[in-house]
Amino acid sequence: MHIKSIHLDGFKSYQKHTDILDFSPTFNAITGYNGSGKSNILDSICFIMGINKLDNIRAKSMHELISHGGTKAIVQVRFDNTDKRCSPFGMEHLDEIVVQRIITAQATGKGCATSYTLNGHAATNGKMQDFFRGVGLNVNNPHFLIMQGRITTVLNMKPEEILGMVEEAAGTKMYDQKKKDAEKTMFLKDAKLKEVDRIFQSSIDPRMVKFREDRKNMVEVTRLKKLKENFSRKYEAFQYFQTCEAVKKSAKEIEDAKKGIEDLGEKFNQLDLDLKNKEDEKKKMEESRDDQHEEAALSAAHLSKQSIMLQKETVKNQLVETINKLKKEGEQINKSLSKDREVLDAKRKEHEDSKAANSKDIQSQSDDEALVTKYRNDLESLTRGTIANDKGEHVSIESEIQSCKSTASQMSSGITAAKKRGERLHNQIKHLEGEKATLSARSKSDIGSADNYQKEVDEINKQLQLLGFNIDADTEKREHAAKLHESITKLKDMDTRLLNSYKDGRYALNYQRPPLHIDKFDEKRDVFGYVAHLIKMKPGCEQFAVAADIALGGVLGNVVVSTQDIARILIDGKAFTSRKTMIPVSENARNASSYNTLPDVKLRRAKEIAEKYNDTVTKMIDLIEYPDFISNTILNAVGQILVVDSLDVAREIAYDEVAKTRMITRRGDDVRTNGIMTGGYNDPGNKPALIALEPMYARRPQIEAQQRELDALNRELQLTEASSQKCRDLNNQLATAMRKLAQVKTNINNSEFGIVVRDLKVHSEEYEKNQAEIEATVKTLKDVEDKIKTLESMKNKDKNSQEKRKKELTALLQKAEQTVAQNKNRGEKARREVMLLQATVEEMEKTIKKDEGIWEQKKKECDELEEKLPNAIAALKDAELEQKAAQAKLNDLKNNQRQISTRLGKIAKECDALIREKAKTKSKREEKEKELTSLQQSEASNRKEARSKLKKFEWLSDEEAHFNKKGGLYDFEGYTVSKGKDEIKELTDKIETLERSCCIQNVSNLDTCEAKVLDIKNKRERITEDFNMLKKTIATLDKKKVDELIRAHESVNKDFGQIFNCLLPDAHASLVPPEGKTVCEGLEVKVSFGGVVKDSLHELSGGQRSLVALSLILAMLKFKPAPLYILDEVDAALDLSHTANIGMMIKTHFHHNQFIIVSLKQGMFSNADVLFQTRFADGHSTCTRLNGGDIAVLCQDKVLQAQALELTDAGKAKKDAAAKKGAQKNDKEPPKKKPIVVDDDDFE
């Protein structure tokens, strides 16, 4: 690829459009006067290749590249691409490549805008630089470009700079640049990766954690919402179930109420009957109470006995006063008593004899008086002509006969009417029996069903009797069990409310049943609750509650479970919402330790210290009560803690060498042996846990007792469950059978057959009753007729017989009266005699008894004086017993009367109670009727509510079969409306809390974010892998660079020596590393003439140095040929012969490369294939291609020769000055590396 033409417009001195055409593919020369624009053509080539260092094209800014007065500069270069061997990558199909660059001036202060086009398409600076680099034309580090002054620069180069030229020739310079760019990019990428890591750690990872927590919370919200929906369904189902149960209960209560009303009516009638019976009993007892005769007799006897007792007491007192007199009188009384006893015996015998002798007379007098009374009544009846009727009244015989005849007539009429009625009933019965026979065939099926149902009822009753199960007692037990369960639930609810209200539910045991190992877990058996639920203060120790609260501390919040397995199940199942410490009861024995109790030595020392301050020491373990299964745990917690009143005492004991133990004051100050003290308890409004939970402890025995009773009932019910179920089934069957039987009987009774049977039964009963009345009336009529006959016979007797009977009765009466008169005196005398003797005997008995009592009393009084009168006391006691006996009889009578009065009072009260009960029963019946109305309304309301629920929640009908099924979703055991509300509210609160804490957008974006984060991490890993691979590649390329550099040095050094020897025979030049260094650290030029090596290039002449520099440059060009070489007046310091030699060498050795050389010397451009001449006229430059004649004329141009000579001299002088300046600088300063300037465009 070589330049075919150049087109300039507004670039530097080429103000007008200029076309430079037909460049040679090999040697091109440009000549012209000084200032005519030769170098500007070369600058335009550098400019289009994208040079960044404007100093190399003699400009400070882009504005200076635009012609004076212009606003835009255009440079277009056409390349010939017919040689495909060196064609740029991807452009092998093009024969011509056009590159154009435009500079446009912008507003003041905004610089210039530049743009590229490649084959008519816009391109970037980086793309164009890569395009030229691809063919070996790196304008920013060029080895193909030798501008004015480059020879001098090469001569003054340091070893490092010469090495850089070799590197550029070898191609490693671009690698170094790319390496630096890559290292810079790697540095930036590494910083970016670190920044990404930092962002991940500080922002993205926490945010992703938050996103995942939000997703977890959202999953939990979804689960809780589902659970809430289930709870809501259960709540609604429970209400619907309760409503349905209430309907059933209301129906039963309505039946009970109706039955109750009937029972109350019967009770009301029974009370009325009882009230009448009580009033009759009351009347009889009042008559008995009013009899006073017996009371008077017993009262007199009691007074007599009491008088005797008083007399004996008087005798006793007299004996005490005069003991000697009593002894003498006692002897006289003893003698008198002997005589009196003899007389008494005689009188008794006389009294018995008198009774035997006079008893006949007394009885005879009584019989005679009765006979006189009888005769008088019979005579009176006979005289009047009357008889005694059934009522005992005296009526005439005639009136009695008429009364009997009237009665007989009425009876005969009644018998006739009854017979007619009987005949009529008999005819009706026969007619009904015919109808019954006719209709029985029609009702045969109903009658058979009734018989079958009756047999079924009888069979079921027989089975119930054989079963012998008391269903009423079983029902009472079940009702009692339900009441116990309800009571336990209420008590536990009270405990739950108490625990939830104390310190925001700190000791409320709320946990979820573990989803795993359900068969191994029993809540009642395996979870005992918090330690705070199991311990309490001993009675009378409540003032130490604050100290106990401080001592136990966190132990109160530990959960007591049965075994380690249960603790592991609860922990693995995440049953609690926060971390909990488990205390397995099975490990209680392992918690025992010899260090959990306070040694006696310490306790004695503590008491000694406390006594000095009049304080008392109490062991904390003695203040609390706790169950044995956590004893070692409690001992480990408070076994060595003592309680005192004073903080000073607590400190002294805690810090004492002997007593040294933990101390707590009553108000809560905690003093430890290590010097840590915790302040007192200063919030009186906040009760200690053991005081606040005291109501729960008080209710626990009641709960346990009721639970034991409930368990016993449940066990008993479970044992009888089979019988109970069988009995209930039989009762249900019996009720069904009876209902069917009643239905069949109702059908039969309502049918024609039933009506006929019912009428037949009524008529038959009436007929039988009528026949019985006829028989009774006939019998009574016969008796009446017999009585009439007797009365008529009595009426028809003659008067003579009556008179004779009257005389007989008169005589008998007179005789009886005479007998009574005769025997009256004798009987009265006998009676008086017996009574007098009886009175005498009684009086003597009394006297004897009195004397005996006196004698005994006196004797007892004497003995009492001698032996404290024991006999007198005994006699007095006897008298008292007699008095008490009499008093007892009187009291019995009075008690009897009082009992009667009490009984009357009770009867009166019972009557009042019956009256009240009657009124109460009436009131109850009215209340029952009102209750019945209310129940009916309640039933209707419940039915309406149930229908409303069913209409609102249609799923209830589908799920109703699962209601109250144990273990199912709708298990209502222990379930209440308040519990359901609490569960729903708790779930709602949890859902709201979780929804507030999580962002739905985060959850929806989580998958995208995770994918992006994963993609970023994968890219980072790939970048990291590429980064490491790049490092390895750089290390490999560094090694290859050294190898390539050595190879390039050898090749360049060989060509350098040959070219320099060719230009300057008998001279040799070489590139060698400085002393003590390697090729990779720097190179310097060594020249020898005739085998003599020059120590420095300063020893050479200016021309020789120029030849050295040119030889080196040409050696570089030969090592790595480029498609294009640009040389700007490189022959300035050479004479014509050397210039011609260089031109000939270029033409001979570089015939595959295109050279564009600016020169003023004939020796150079005479060897060129194409020569261009520049001119400057009218303020702008032009360039023309010269033919053969023009070249001959140009060779004779004196001005051009003069300028070339001036240039040669100036060049030599400039080289000498630069050489001297460089030598001085090298002597004063060590060589420095040339700074590397990297433009931002390299990274696009």
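Each Cβ is built from the backbone N, Cα and C atoms, and glycine gets one as well.
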Range annotated as region 'Disordered' - as stated in Swiss-Prot, picked from 419-443, 919-943: 919-943
Given the recorded ATP site (GLY32, TYR33, ASN34, GLY35, SER36, GLY37, LYS38, SER39), which additional residues of the same chain have their Cβ within 8 Å of the Cβ centre, ordered by sequence? THR1174, PHE1176, SER1181
Collapsed DSSP category at ASN34 (ATP binding site): coil
Same-chain residues six or more away whose CB lies under 8 A from the CB of LYS38 (ATP binding site)? ILE30, THR31, GLY32, ASP1128, VAL1158, THR1174
Look at each of the binding-site residues, GLY32, GLY35, GLY37, and point out the one with the fewest other Cβ atoms around it within 10 Å. GLY35
For each of the binding-site residues (ASN34, SER36), count the other CB atoms lying within 10 A of its CB, then report the residue with the highest count. SER36
The compositional bias 'Basic and acidic residues' (337-355) - residue tally per DSSP class, helix then strand then coil: 19 helix, 0 strand, 0 coil
The domain 'SMC hinge' (526-654) - residue tally per DSSP class, helix then strand then coil: 71 helix, 19 strand, 39 coil
Other CB atoms, at most 10 A from the CB of SER39 (ATP binding site): 20
Other C-beta atoms that fall within 10 angstroms of the C-beta of TYR33 (ATP binding site): 16
